[in-house]
Amino acid sequence: MVAQVQKQAPTFKKTAVVDGVFDEVSLDKYKGKYVVLAFIPLAFTFVCPTEIIAFSEAAKKFEEQGAQVLFASTDSEYSLLAWTNIPRKEGGLGPINIPLLADTNHSLSRDYGVLIEEEGVALRGLFIIDPKGVIRHITINDLPVGRNVDEALRLVEAFQWTDKNGTVLPCNWTPGAATIKPTVEDSKEYFEAANK
């Protein structure tokens, strides 16, 4: 089964680079937290380090929201470790604050529907998985375009808000902005205020 919104996320257990050493990382390890699972095509390329570094630098913001960021690549754990040992000025990652999962057998990329089979690399997929293990959001970019950290964080906050408060969120919602009560009668309050 390929990953789908509103369905249980495919489980996994992979060797990862965590704080400069190899460790086993599984989805089950993060039960009870939101997980932002992102895929990259290849280590030692051009867009990928910009994404990993940006998400790594925002790791604390995600943690504060009860979320864990994970990045996965079809590269080996050895290649990913070597990449973290190269300075950022030279296209490396340097020390990072998020796990890098090695999907060497491509099962994770395949299960999440991002594997380009003939090339053996993953598209830039981003999946938000809730504390119950249900996929709440999927985006998949073509290879040349990176993702937006602020948007990923906003989406985590948005799903947390709806889970807690039962309201729905309009286009361009940000924390603190107006929400919509999801009934025909109650929603009028939002629409009247938004369309003065």
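Glycine too: its Cβ is placed from the backbone N, Cα and C atoms.
The ubiquitin cross-link entry in Swiss-Prot, when matched to the candidates Lys29, Lys60, Lys132, Lys188, corresponds to Lys132. Take the substrate site that Swiss-Prot assigns to Thr45, Phe46, Val47: the candidate from Arg88, Arg110, Arg124 listed for it is Arg124. Residues Thr45, Phe46, Val47, Arg124, recorded as contacting substrate, have a largest CA-CA distance of 13 Å. Taking the centroid of the Cβ atoms of Thr45, Phe46, Val47, Arg124 as the substrate site, the other same-chain residues with Cβ within 8 Å of it are Ile40, Pro41, Leu42, Cys48, Pro49, Thr50, Glu51, Leu143, Pro144, Gly146. For the recorded positions Val47, Cys48, counting C-beta atoms within 10 A of each C-beta gives the highest total at Cys48. Annotated pair Thr174 (phosphothreonine) and Thr45 (substrate binding site), C-alpha to C-alpha distance, rounded: 33 Å. Secondary structure from DSSP puts Cys48 (active site, cysteine sulfenic acid (-SOH) intermediate) in a helix. Shown are the recorded positions Lys89, Arg124, Lys132; the one with the most C-beta atoms within 10 angstroms of its own C-beta is Arg124.
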